[in-house]
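> Just lifted these from Swiss-Prot, have a look:
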BINDING   13-37  NADP(+) binding site
BINDING   SER146  substrate binding site
ACT_SITE  TYR159  active site, proton acceptor
Amino acid sequence: MDKRWSLQGMNALVTGGTKGIGEAVVEELSILGARVHTCARDETQLQERLREWQEKGFQVTTSICDVSLREQREKLMETVSSLFQGKLNILVNNVGTLMLKPTTEYTAEEFSFLMATNLDSAFHISQLAHPLLKASGSGSIVLMSSIAGVVHVGVGSIYGATKGAMNQLARNLACEWASDNIRTNAICPWLITTPLISDLLSVEEMKKEAEERTPMGRVGEANEVSPLVAFLCLPAASYITGQVICVDGGLTVNGFSYQPHA
């Protein structure tokens, strides 16, 4: 295989890799030859996924981590540094959560929790990973954002704020760390069939309206996001950095079009 299209010999960290987009990303990177470490809060899920990945022949290791907690993030990066001998090629900050409420009803605790889980974790883990990414000689960071950081989609103002901040973080790190040969990009999915939004998609009226407003006429799947993550980490993408890329079936570019019936 052309080395531009292979991750053979590369090390990757994917946060929240036991389900949804994170699980798809772990598998995508593994298929392309990367050695992957992933973390999650649920030990049972970690063990279940690990067995599945081992059966597929993937080089995956796991550890328990709640990325909303600073001390656990520090412990995670110590583990990763030890596993990969102080070098990391790929960091995918994938963990995220949402809480649907009117803005006036959020508590201070809920604000802090969403900020810690979505934004603080991505910022701090990127900070901690910097020396490892630099040591690898060629690093790639992918921030899993959302179109809620680009346009209003009614999934909560705090969630949207965290994702908008992640998009700008990707741009800033791309410029600041370019001299260290570290690239940073953000990916902004729309509705993707994952456990995180299963309750939303179970509301038939909501799902129908979302599909009608999406030019491609459907919600996405996790394995339609993971290939983009993998591509951005490939040597073939070596000149792509600071980009915020929407994976949304065309939603964010859709204005208004009237198609008269024949």
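Every residue gets a Cβ built from N, Cα and C, even glycine.
So that I understand the layout, could you describe where these features sit and how close they are to other parts?
In the shown protein chains, 22 other C-beta atoms lie within 10 A of the C-beta of HIS37 (NADP(+) binding site).
SER146 (substrate binding site) counts 28 other C-beta atoms within 10 Å of its own C-beta, drawing on all protein chains shown.
Sequence-distant contacts of TYR159 (active site, proton acceptor), defined as residues of its own chain at least six apart whose C-beta falls under 8 angstroms from its C-beta, comprise LEU98, MET99, LEU114, ASN118, SER146, ALA148.
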> Could you tell me which of these binding-site residues, GLY17, GLY33, has the greatest number of Cβ atoms within 10 Å of its own Cβ?
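Top count of Cβ atoms within 10 Å goes to GLY17.
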